[in-house]
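What follows is a single structure, written as structure tokens, with notes after it.
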Amino acid sequence: MRYMTAGESHGKGLSVIIEGIPSGLIIDFDQVQREMTRRQGGYGRGRRMQIEQDAVDVRGGIRHGYTTGAPISLFIENKDHTHWTKVMQAEPLQEELERPRTLTRPRPGHADLVGGLKYGHRDLRDVLERSSARETAARVAVGAIAKQLLGQLGIDVFSHVRSIGGIDADFVNPMEYREVIEASPVRCADEAAAERMMAAIDQAKKDGDTLGGEVEVVVTDMMPGIGSFTQNETKLDSRIARAVISVNAMKAVGFGDGFDLARRKGSTVQDEILHDETGYFRKTNHLGGIEGGMSTGMPIRVQVAMKPIPTLYRPLQSVDIETKEPFVAQVERSDACAVPAAAVVLEAVVAVEIAAAVLEMFGTSTLDRLKQAVTAYREEVRLF
């Protein structure tokens with residue numbers, strides 16, 4: 001399974017092509033829409049979320065509600081494009097724009113300057129438009145389909161927020177607090193911490209500042225042995241790490257107890273192996289459900305650190321690339337905090353990697369055969 005996205009933040013829309021989804025998967029379009037809506041929510045989002053009402057237009061690969069096995073083509077319209085038609089048109093301009101929206105003052109922390117250097121763009125909007133987190137809407141659409149495929153195999157993927165702006169939630173088992181997490185404006189299981197997080201976001205907004213945080217993605221009911229120890233690109237944790245770090249503003253990733261593992265003795269962090277009538281399992285899950293690049297059957301736990309969004313309403317020092325004079329960076333519309341929304345995006349990219357690894361292992365072209373193969377494998381490892 002693989003996918004590719006195209007499109008700009010203020011262009012006509014986002015396109016995505018997904019290859020490798022088996023035939024016979026009945027798509028719940030309402031669930032796809034719920035995933036798109038979840039991405040647009042979360043405390044701290046900016047004004048654009050009031051403009052865009054993301055809807056997925058299927059243009060191929062799904063017929064009469066089920067996948068055909070052909071590449072799936074999706075399109076998500078940018079409602080805001082109506083205000084940017086001339087600025088973003090593909091055809092050469094016939095006259096000078098009244099408001100060209102040229103970007104020559106790169107924003108620290110964004111792709112603006114380095115992208116301009118790499119591709120030779122004197123108008124850094126050509127970098128901004130594609131590097132924008134708007135692209136993650138397409139990834140959530142892909143993830144929505146991947147999650148439905150995994151659901152057919154009994155595998156679930158969800159997320160919760162562990163911290164925002166230095167405010168940490170008390171540790172709880174997120175699997176026991178799903179309803180609380182989904183109802184929380186900041187996707188936090190600790191309701192007292194959630195209130196403090198929202199107050200911090202409000203203050204950051206008043207200050208023209210932004211906040212980052214930490215998200216955990218959890219994958220439950222995984223069968224063991226997905227991934228491989230044989231090559232670096234087939235290791236499951238390697239694939240997941242690459243995918244989550246590719247999401248805008250993500251700067252660190254850990255598994256299980258993450259960076260805390262580096263501070264402890266080996267005797268306290270290895271997960272002891274036990275066995276009963278259900279098969280092998282671990283006494284603890286410090287390593288986050290992956291050993292040697294393969295799933296162990298325990299819940300996969302992925303922690304991801306998101307930096308504060310670099311677009312500030314009180315912008316930082318920059319340089320105009322035309323005059324070389326010092327200026328404050330250009331201001332673009334942005335969020336004060338996108339950590340809760342990022343959690344939904346991270347769910348999607350993790351789901352895609354899990355689905356891709358499962359499909360690579362079982363290599364079937366229809367959903368029925370895939371389900372049969374997974375069921376047989378689960379029984380095989382139970383009896384091992």
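For all residues, glycine too, the Cβ spot is worked out from N, Cα and C.
If you check Swiss-Prot, you get these features:
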type: BINDING; residues: Arg39, Arg45; note: NADP(+) binding site
type: BINDING; residues: Arg130, Ser131, Ser132, Asn248, Ala249, Gly292, Lys307, Pro308, Ile309, Pro310, Thr311, Arg333; note: FMN binding site
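Least crowded of the binding-site residues (Ser132, Thr311), judged by neighbouring Cβ atoms within 10 Å of its own Cβ: Ser132. When the alpha carbons of Ile309 (FMN binding site) and Arg45 (NADP(+) binding site) are compared, the span between them is 11 angstrom. Over all protein chains present, the Cβ of Ile309 (FMN binding site) has 24 other Cβ atoms lying within 10 Å.
Across the fold, the C-alpha of Thr311 (FMN binding site) and the C-alpha of Arg45 (NADP(+) binding site) stand 13 Å from each other. The Cβ of Lys307 (FMN binding site) lies under 8 Å from the Cβ of Gly109, Gly212, Ala249, Met250, Lys251, each on the same chain and at least six residues away in sequence. Close to Arg45 (NADP(+) binding site) in the fold, though at least 6 residues off in sequence, lie Asp335, Ala338, Ala341, each with a CB less than 8 Å from its CB. In this view, Arg39 (NADP(+) binding site) is surrounded by 26 other Cβ atoms within 10 Å of its Cβ, with every protein chain counted. Under a cutoff of 8 A between CB atoms, and with a sequence separation of 6+ in the same chain, the neighbours of Arg130 (FMN binding site) are Glu8, Ser9. The 10 Å shell around the Cβ of Ala249 (FMN binding site) contains 19 further Cβ atoms across the protein chains shown.
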